[in-house]
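The following features are taken from TrEMBL:
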- B:R48, B:R54: NADP(+) binding site (BINDING)
- B:R125, B:S126, B:S127, B:N237, B:A238, B:G277, B:K292, B:P293, B:T294, B:S295, B:S296, B:R318: FMN binding site (BINDING)
- B:40-61: region 'Disordered' (REGION)
There are 4 protein chains.
Amino acid sequence: MSGNTFGKLFTVTTFGESHGPALGAIVDGCPPGLELSEVDLQQDLDRRRPGTSRHTTQRREPDQVRILSGVFEGVTTGTPIGLLIENTDQRSKDYSQIKDRFRPSHADYTYHHKYGVRDYRGGGRSSARETAMRVAAGAIAKKYLATQGIQVRGYMSQLGPIDIDFKSWEAVDDNAFFCPDPQKVPELEAFMDQLRRDQDSVGARITVVAEGVPVGLGEPIFDRLDAELAHGLMSINAVKGVEIGDGFAAVTQRGSEHRDELTPEGFTSNHAGGVLGGISSGQPLIAHLALKPTSSITIPGRSIDVHGNAVEVVTKGRHDPCVGIRATPIAEAMMALTLMDHLLRHRAQNADVQVSTPRLR
Amino acid sequence: MSGNTFGKLFTVTTFGESHGPALGAIVDGCPPGLELSEVDLQQDLDRRRPGTSRHTTQRREPDQVRILSGVFEGVTTGTPIGLLIENTDQRSKDYSQIKDRFRPSHADYTYHHKYGVRDYRGGGRSSARETAMRVAAGAIAKKYLATQGIQVRGYMSQLGPIDIDFKSWEAVDDNAFFCPDPQKVPELEAFMDQLRRDQDSVGARITVVAEGVPVGLGEPIFDRLDAELAHGLMSINAVKGVEIGDGFAAVTQRGSEHRDELTPEGFTSNHAGGVLGGISSGQPLIAHLALKPTSSITIPGRSIDVHGNAVEVVTKGRHDPCVGIRATPIAEAMMALTLMDHLLRHRAQNADVQVSTPRLR
Amino acid sequence: MSGNTFGKLFTVTTFGESHGPALGAIVDGCPPGLELSEVDLQQDLDRRRPGTSRHTTQRREPDQVRILSGVFEGVTTGTPIGLLIENTDQRSKDYSQIKDRFRPSHADYTYHHKYGVRDYRGGGRSSARETAMRVAAGAIAKKYLATQGIQVRGYMSQLGPIDIDFKSWEAVDDNAFFCPDPQKVPELEAFMDQLRRDQDSVGARITVVAEGVPVGLGEPIFDRLDAELAHGLMSINAVKGVEIGDGFAAVTQRGSEHRDELTPEGFTSNHAGGVLGGISSGQPLIAHLALKPTSSITIPGRSIDVHGNAVEVVTKGRHDPCVGIRATPIAEAMMALTLMDHLLRHRAQNADVQVSTPRLR
Amino acid sequence: MSGNTFGKLFTVTTFGESHGPALGAIVDGCPPGLELSEVDLQQDLDRRRPGTSRHTTQRREPDQVRILSGVFEGVTTGTPIGLLIENTDQRSKDYSQIKDRFRPSHADYTYHHKYGVRDYRGGGRSSARETAMRVAAGAIAKKYLATQGIQVRGYMSQLGPIDIDFKSWEAVDDNAFFCPDPQKVPELEAFMDQLRRDQDSVGARITVVAEGVPVGLGEPIFDRLDAELAHGLMSINAVKGVEIGDGFAAVTQRGSEHRDELTPEGFTSNHAGGVLGGISSGQPLIAHLALKPTSSITIPGRSIDVHGNAVEVVTKGRHDPCVGIRATPIAEAMMALTLMDHLLRHRAQNADVQVSTPRLR
């Protein structure tokens, strides 16, 4: 209840501090009989892993995950799946600079007031390192969803001022940015190189899409599919905005333009982003998220210490100049976890339902 | 679990169909000793009520709420508060036009596939009429929050293409649009009059703000204050996007610009919108939401019937040409419910915490 | 979260004070397509209703339930079912005797300390009148379970010192005690008549049985079927003990005697009461519960008032001399709600499971 | 939701199979600032550990627990506490005897039907080995409760046919049985020695007591303190019955005898076992539980295999002839976890309550 669990039927509970001995998670509610091994999880962990290009932090985290339970002879048993990643890159370093002061735009100040005590090493629990466990758990959801014909993928749709059009899924995995347009990659690289020289950071926009979603997932009223997805995406570090389908563009649209008409051949458009009344329509589920620029920059900033005195803060260390670059696998994980949870919830209540009406795309 | 409950400690569970006998809610977890009467709830219900200007639906719904339990001799007792609104305007009308066909961009198609059966009268459970109960429950949260110095208010910040700057809270209650700029009201009225003549609808953008929020509310990782707020706001009918603080504008910002610096006199800015690491910072909590244009328009649209045949749909009846106009009290309610829940959650775990560090604004 | 909801997927949330305007409940998660009307609920409400024999309280509560939502054209729609019973027998009476004093063995003292304020009229929320809503909700669960071949029934197995053997289900509904042995009824009547003359009360033991339960219901570890059943039964007013199968008799048994052996023709016994490792075995699910004697007796008792002064309390009014007499339908309701919840939970996770092993009885 | 989490605010989620690589738990919601180290947990783990006398299984499980997160510089930080015990005694042995057959009175048959697949090594997830994590988590709850003046302790009150009177808490830790009467220990030893010679097993009765509980804990209606405690205790392997206070003895009591009268000097008795209306009364909280005899005995028993054929089963290996002997620390843990959860829940809703009425004992 203190907020480290996601989902209601397919639940993921995580623990771990950035510089503690380990990160871990318990994935509860996975259907039995799913083929699963550590390799399935490692793939997505490696996509999120830092240090794979010059545009992300140069920290070395092998992020080697172990499955400690819930899998027997290569298949899930229906019992909880324990996951563990030991922290290996725990440099013993001097934290006296940040121990008693609050880095601007970080959670230092709020953790301090909420708990009265905090693990200040590398941000402790508030570090984005925690998202490694989301990615590991999301990989389990992805694997099960794939057996149901559902595929969750994401890409970067904007880096700072640079808009990126979707060209192909193949392109996404061919560069360090999850950029779906190969022709834009040189521009992104040049932008990031200049940003590093400026010792500054920048925001990004990520798009995630689920294809093959059946019609009917989502519990209307409060636990709508889009509301829970917004919850999941907004819970990712640095995210400041979430859109479903046309999102904020819908503000200026007229009803005659926005509404997705239905024909026997299918929907004529997908302004809704795959959700109507909180329930999946069978069209692709589409969400966009805005990530803020990280505040861990070396340009000095004003702050206070725990006694209320003015101090100057310079965040040294190995930080991502654009946290959005590594966010795509995390966003995919949160969409997969949301869908997985709603797939199980749907089965619980609606196992008897049979409808002869054809399903549209 | 099928999604009609919001909150974990201060929980609101609702029921009711648009044209059924009644709407109701159970508010569980309210602290005892709060002075409360039906008048407190009716004020916000009247703000949301349709038919109060020519710019909203002309349906007559007195929305008279009764408190059935949980209040004794004028104060809450800590037991669940039962709320009831009897539906009075249940015109007996002919539904044969919509019974077997799906209105485009409505939940008809998705409810049909999810449940196999649906109350088609006026949208049934998927009608925005359900939000009356959110507003009633939100009024209880608002009243308690006010005793803690927290005030939740909202306004319309954009109507279709018309941007609206914030001028004053006083202005908001002086017009039918919740518009904070009195000089903009004539433009809004002219726009809406033309829209009605076009028989079309349009989207809107609403902003909600909570002032007086203490530092420390919100459970980091999945149940962040901003994530739960996004959940609550996205669960409102027609909402397609949610932003916290600068939201999508943060995509193009640099870290040196976005970060809110701290000085002994307070924060120097509030790009974060009052949340750092998922925990309230003590600054005003700010969120924006995008509402799509309603699809209930009289311009004919293509659709299919339950057998998959092509049909043409014209949505007659008394509908809002801009559902955003009445959305402000609903958005306030969801923010108040989110804050109330997190206030109680914070107290549960952190009752012992004492911090000597001064609190900033 | 303040405890007025039972179940995780098939949830029942109740409200209402003994002498308030109404009792109500929201049943969320009911599968769509179930034929349901108020008559289905009224049958069990009438079985629980007081005033039907001289051995229960002579209060008149017609307990007429209304379904306010979730049912359309005679079948459930999958949306929440709102239930309401208006309180009609609200005698205006003088509560000055109990307003400031605590009746021994009642919840007066504990509510006072927990909430600081309480509705003292007839026990307020702590009155067993609240159980009417459990019975109404339980009737919905029973009706759905019946469509799955599951039947939940109960009977009185002990009244004070009088042991009652099970003879037949037919007998249970033929007397005011839910006594399954018609030959015992005169003895029970004589005992109760003497008890009334003594102005005293007595305890009872109830047995509930579910037949037709499929093998596989129950989530091992914390949410075992038997653990959740114990939770539900112990939450009934006046219950002080719960047993599954042989219960406390198992303490003196040897393993060679207690274990239920399996043969191709079925289990050879049912000491376990239908649960192994927290999961239903396919045998009848059997539970026993102990109800304490009510403390509402006219023999004077010592107590204190809200100022801590010694006072003498005599509980006048219309009270049951044995609350166990009307407890059978309530116990059935809690078992039905528990099974219903676990049936849905099982479907969520294990929809894919196929086993060729024959099922035993 | 698949049942591996206990508690709502102070939550414990566990994973791990008997013969898998490790057992683990995440304890979420612990208040920050509590001094905590692995030594605190190890003490109770060692009390539960097998192989410490000839009367328990001779398996060697050092059960060395590691704290992986949530504790920094010796105090809890409010973030989730990850716990891990690596399994060291994983003998590679031949499971062909039990792989395809169901041990009578075990969970083999029900797991097989529920999940379609099971880890048959040593019972897998259904093994009582899982309770090690409950004990570790319970030790955290105990430590916090102690800072609030609450002490949770238990003892064996019956072994098979031998009743045991409570003599002193000091005696409990002086023998292998948690027997509070030192004079009874030789009788218990003789009984157990004979039982081993008989190759049979026997049941037991355990009593747990919490002293120093404040008045007011527990959420009335469904989440009563006694109902949640019954849930927790019944979820322990082999438990078949739970009593609060007088329990089943209340069936034959009269109201004039059962009711606990109040005087300015305190309650005159504690038949209720410390709970009135589901809320703690401030008196000692008392519960009793019945444990069945283990079915893991070497006397051959009839069973079937996965194809439905009759087979004979002899459970070899190192098993406890009375699982009740090691159950006391587990029962204490479940009571401590229940109280901890309710302490936090009470704080959430009732932080404002002030009562001048004196508290009784």
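Sequential numbering from 1, following the chain as shown.
Every residue, even glycine, has its Cβ placed from backbone N, Cα and C.
On the structure: features taken from TrEMBL.
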| residue | record | CB count, 10 Å |
| --- | --- | --- |
| B:R48 | NADP(+) binding site | 24 |
| B:R54 | NADP(+) binding site | 11 |
| B:R125 | FMN binding site | 28 |
| B:S127 | FMN binding site | 20 |
| B:A238 | FMN binding site | 22 |
| B:K292 | FMN binding site | 30 |
| B:T294 | FMN binding site | 26 |
| B:S296 | FMN binding site | 23 |
Of all listed binding-site residues, namely B:A238, B:T294, B:S296, those lying near chain C with CB under 8 A: none
Collapsed DSSP category at B:R48 (NADP(+) binding site): helix
For B:S296 (FMN binding site): DSSP state (helix, strand, coil): coil
Cα-Cα distance linking B:R48 (NADP(+) binding site) and B:S127 (FMN binding site), given in Å to the nearest integer: 14
Cα separation, B:R48 (NADP(+) binding site) to B:R125 (FMN binding site) (Å, whole number): 18
Per DSSP, three-state class assigned to B:R125 (FMN binding site): helix
Rounded to the nearest Å - Cα separation of B:R48 (NADP(+) binding site) and B:S296 (FMN binding site): 19
Listed binding-site residues (B:R48, B:R54, B:R125, B:S127, B:K292, B:T294) that sit near chain A [CB under 8 A]: B:R125, B:K292, B:T294
Distance [Cα-Cα, Å, rounded] between B:K292 (FMN binding site) and B:R54 (NADP(+) binding site): 20
Neighbouring binding-site residues, C-alpha within 10 angstroms of B:R54 (NADP(+) binding site) - of B:A238, B:T294, B:S296: none
Three-class DSSP secondary structure - B:R54 (NADP(+) binding site): coil
